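Comments concern the structure below.
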Amino acid sequence: MTQDEMKKAAGWAALKYVEKDSIVGVGTGSTVNHFIDALATMKADIEGAVSSSEASTQKMKALGIPVYDLNSVDRLSVYVDGADEINDHMDMIKGGGAALTREKIVAAVAEKFICIVDNTKQVDILGEFPLPVEVIPMARSYVARQLVKLGGDPVYREGVVTDNGNVILDVYNLKILNPKELESQINEIVGVVTNGLFAKRGADVLLVGTPDGVKTFTAK
């Protein structure tokens, strides 16, 4: 089974968590694209979706899935999204696709976070994948200096502007032993919008595409 086939299996497996007549939170990325394809097969049974990125919004609209503004929605039963890394405690690094702030907002609203990945994304310790930090443009250099003090090597992701009009610093060489603490420390830096650690709001269910099929893990 190829990596993409494992992603597809995880994406389709998430369908069983979608409630009839509900509005579904939808994330961003290659694995989520498979979930969107799956969601389109039951679009008549759901009210619609809330999206964490312009890319996902466009794909869903093209498939005929109604997309709502989050401000007009009172309840999201589930949020389905991928991760760049996830550990055994359901802490994640996300934001490789630069949609981390909107992803974090939608995740905060949802009652249940379903994370869909292939088995290459499971790790013991977070940090091999660079940690994305969304930054107000004028604060970029200041924030980078503060991130160095925390032990990281920040690199400006050139040519990338987020859907919110901000820039991304990718922080390398962090061995993240306490994800919740680091998430708070980085978010307290003036000029940071948010960072790609999803530890305070981790996943509730993890669906992992493997060569032997989809494995399900539940937060303890």
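Quick reminder: no glycine exception, Cβ is built from N, Cα and C everywhere.
According to DSSP, GLU103 (active site, proton acceptor) is assigned to a helical segment. Around GLU103 (active site, proton acceptor), the same-chain residues six or more apart in sequence whose CB sits under 8 Å from its CB are GLY27, THR28, SER52, SER53, ASP81, LYS94, GLY95, PHE198, listed in sequence order. Summarising the annotation, Swiss-Prot assigns active site, proton acceptor to GLU103.
Under the heading substrate binding site, Swiss-Prot lists THR28, GLY29, SER30, THR31, ASP81, GLY82, ALA83, ASP84, LYS94, GLY95, GLY96, GLY97, LYS121. Note on LYS121 (substrate binding site): other Cβ atoms within 10 Å of its Cβ, all shown chains, come to 22.
For the substrate site, the Cβ centre of THR28, GLY29, SER30, THR31, ASP81, GLY82, ALA83, ASP84, LYS94, GLY95, GLY96, GLY97, LYS121 serves as reference, and the other residues of the chain with Cβ at most 8 Å from it are GLY27, VAL32, VAL117.
With a cut-off of 8 Å between CB atoms and residues at least 6 apart in sequence, the same chain places ASP4, LYS7, GLY82 near SER30 (substrate binding site), listed in sequence order. Around the Cβ of THR28 (substrate binding site), 28 further Cβ atoms fall within 10 Å across all displayed protein chains.
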